[in-house]
Amino acid sequence: MGDPSKQDILTIFKRLRSVPTNKVCFDCGAKNPSWASITYGVFLCIDCSGSHRSLGVHLSFIRSTELDSNWSWFQLRCMQVGGNASASSFFHQHGCSTNDTNAKYNSRAAQLYREKIKSLASQATRKHGTDLWLDSCVVPPLSPPPKEEDFFASHVSPEVSDTAWASAIAEPSSLTSRPVETTLENNEGGQEQGPSVEGLNVPTKATLEVSSIIKKKPNQAKKGLGAKKGSLGAQKLANTCFNEIEKQAQAADKMKEQEDLAKVVSKEESIVSSLRLAYKDLEIQMKKDEKMNISGKKNVDSDRLGMGFGNCRSVISHSVTSDMQTIEQESPIMAKPRKKYNDDSDDSYFTSSSSYFDEPVELRSSSFSSWDDSSDSYWKKETSKDTETVLKTTGYSDRPTARRKPDYEPVENTDEAQKKFGNVKAISSDMYFGRQSQADYETRARLERLSASSSISSADLFEEPRKQPAGNYSLSSVLPNAPDMAQFKQGVRSVAGKLSVFANGVVTSIQDRYGS
């Protein structure tokens, strides 16, 4: 058995999708489903087909009814024996009414329906083979071709259409009645003739209405479709006075103008009243300012400082406004720039730290005797002394002579340099400022002094003091002398005693004042 052709597939699905229940998705009800579940023989939309794919092919096998062309006859039979209607009725019969996809297709009803579709499709495949249609397949009746609707006929009432049809039938009788009427008019000599009563012999009511209509409008049946124009609902105006209508319209316009004018007047009155209230508030505020003697710049300053009286709720006034003065900020005095040193940080640090021990004993002992003064003055003096001690560093003059650059007086700008170096191609700063001769003299003096030595060092060349080895430091060179340490300890003891006395006095005064 070969596979069905693409044309066979399209033909089968065209007829299956013509069934009304197959025009919507089986799960969500979306229109025009283009996917199908072969396992259940139902039509699905693209969103629900994705949910079925996540279930797995053992529960639902999905294919497209438009894109896939490799359908087998067994799969087509599954779709023919199934359908949305049969699947929905089967699920309802077995009590499965949930909308959850996992719960629905993992239920007992879904398992039974899968087995049923599989058995029916197998039987249909064996019985019909490659036939397109099955005996049990429901074929929808072919709908008649749509007729072209007449615009006028759709807007005409059924009664009028029936009368028009009856008028076309009764036209010969009306034509035969006309010669009788003309002969009667000739015989009676111009007397008025009433309507014809020959139509009363007709037993039906419709023909009576037709005869009356024909008398009023004898040309209606001849005009065909044009005769129906009078039945669109238009009515002829009778006994209408246009002057009265015009007067009513003018009266309505006048009423509208009066209402608009009243609205404008009321709006202007509200604006005027609000302005009056604003002026009253302003006058009250000005009177308050006059009472408080605030005017000009003081008023602005008081508002800026948060002492304005316009936003205050209380009537209490501040006395600060009477003595308010404007303080103008003077230009700040620039602080003197600190000295910048390019010295060695290590040398300056150790020199400044050791300056305390280099001071005489009298100066150090005098610091401890200052406890007899008042506490405030003592702390100020001690703070200033400590600051001076810490900030005291070696200046430019404390550097050794060998490492210090010599100070030279600037050479006056004269013509001597031009005369001296006029023909020289290149000169140095030492040659220009006259430092070359002095440097040469110092170098020659050092070399003559060290000429007898077998080896020299940089310290010998630049006449720097030699550094002691790390192992040659003694305790006496590091620590101060013994008398100094004794005096230092004695000063510390005296300071500690005075501190304890001072602390006891403070605690006693606090207890006396606030209570223990």
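Along the chain as shown, residues are numbered 1 onward.
Cβ atoms here come from the backbone N, Cα and C positions, even for glycine.
For 10-126, the entry in Swiss-Prot reads domain 'Arf-GAP', with the evidence type sequence analysis. Summarising model confidence by region, the domain 'Arf-GAP' (10-126) averages a pLDDT of 89.
Within the chain carrying the zinc finger (25-48), a Cβ under 8 angstroms from the stretch's Cβ atoms is held by residues 16-17, 59-66, 75, 78-84, 86-88, 99, 101, 105, 110, 113-114, 117, 121, all 6 or more beyond its ends. Summarising the annotation, Swiss-Prot assigns zinc finger to 25-48.
Look at Swiss-Prot and you will find 170-199 (among others) tagged as region 'Disordered'.
What Swiss-Prot lists as compositional bias 'Polar residues' is 173-194.
Per Swiss-Prot, the feature phosphoserine maps to Ser231 (among others); the stated evidence is a large-scale study or a structure entry.
Within the same chain, no residue sitting at least 6 positions outside the coiled coil (243-263) brings its C-beta atom closer than 8 Å to a C-beta of that stretch. Summarising the annotation, Swiss-Prot assigns coiled coil to 243-263.
Long-range C-beta contacts of Ser270 (phosphoserine), restricted to its own chain and to partners at least six residues apart, with a cutoff below 8 Å, are absent. For Ser270 (among others), the entry in Swiss-Prot reads phosphoserine.
Its own atom aside, the Cβ of Ser274 (phosphoserine) has 10 Cβ atoms within 10 angstroms in the protein chains shown. In the three-state DSSP scheme, Ser274 (phosphoserine) falls into the helix class. According to Swiss-Prot, the phosphoserine annotation covers Ser274 (among others).
Residues or ranges marked as region 'Disordered' in Swiss-Prot: 322-346 (among others).
Among the features that Swiss-Prot reports, phosphoserine is placed at Ser331 (among others), with the record citing a large-scale study or a structure entry.
For Ser370 (among others), the entry in Swiss-Prot reads phosphoserine.
Annotated region 'Disordered' per Swiss-Prot: 390-414 (among others), in sequence order.
Annotation comment: Swiss-Prot describes Ser428 (among others) as phosphoserine, evidence class a large-scale study or a structure entry. All protein chains shown were included, and the count of other CB atoms within 10 Å of the CB of Ser428 (phosphoserine) stands at 9.
The Cβ of Ser451 (phosphoserine) lies under 8 Å from no Cβ of any same-chain residue at least six residues away in sequence. Under the heading phosphoserine, Swiss-Prot lists Ser451 (among others), citing a large-scale study or a structure entry as support.
Same-chain residues at least 6 positions away in sequence with a Cβ under 8 Å from that of Ser453 (phosphoserine) are, in sequence order, Asp460. The DSSP secondary structure for Ser453 (phosphoserine) is coil. What Swiss-Prot lists as phosphoserine is Ser453 (among others).
The phosphoserine annotation in Swiss-Prot covers Ser455 (among others), and the record cites a large-scale study or a structure entry as its basis. Counting every protein chain shown, the number of other Cβ atoms lying within 10 Å of the Cβ of Ser455 (phosphoserine) is 6.
Each residue contributes its Cα atom, and for Ser458 (phosphoserine) and Ser428 (phosphoserine) those atoms are 25 Å apart. When the modified residues Ser457, Ser458 are compared by the number of other C-beta atoms lying within 10 angstroms of their own C-beta, Ser458 comes out lowest. Across the zinc finger (25-48), DSSP classifies residues as 3 helix, 7 strand, 14 coil. Put simply, Ser274 (phosphoserine) is 90 Å from Ser428 (phosphoserine) when counted between their Cα atoms.
Counting only the Cα atoms, the space from Ser457 (phosphoserine) to Ser274 (phosphoserine) is about 100 angstrom.
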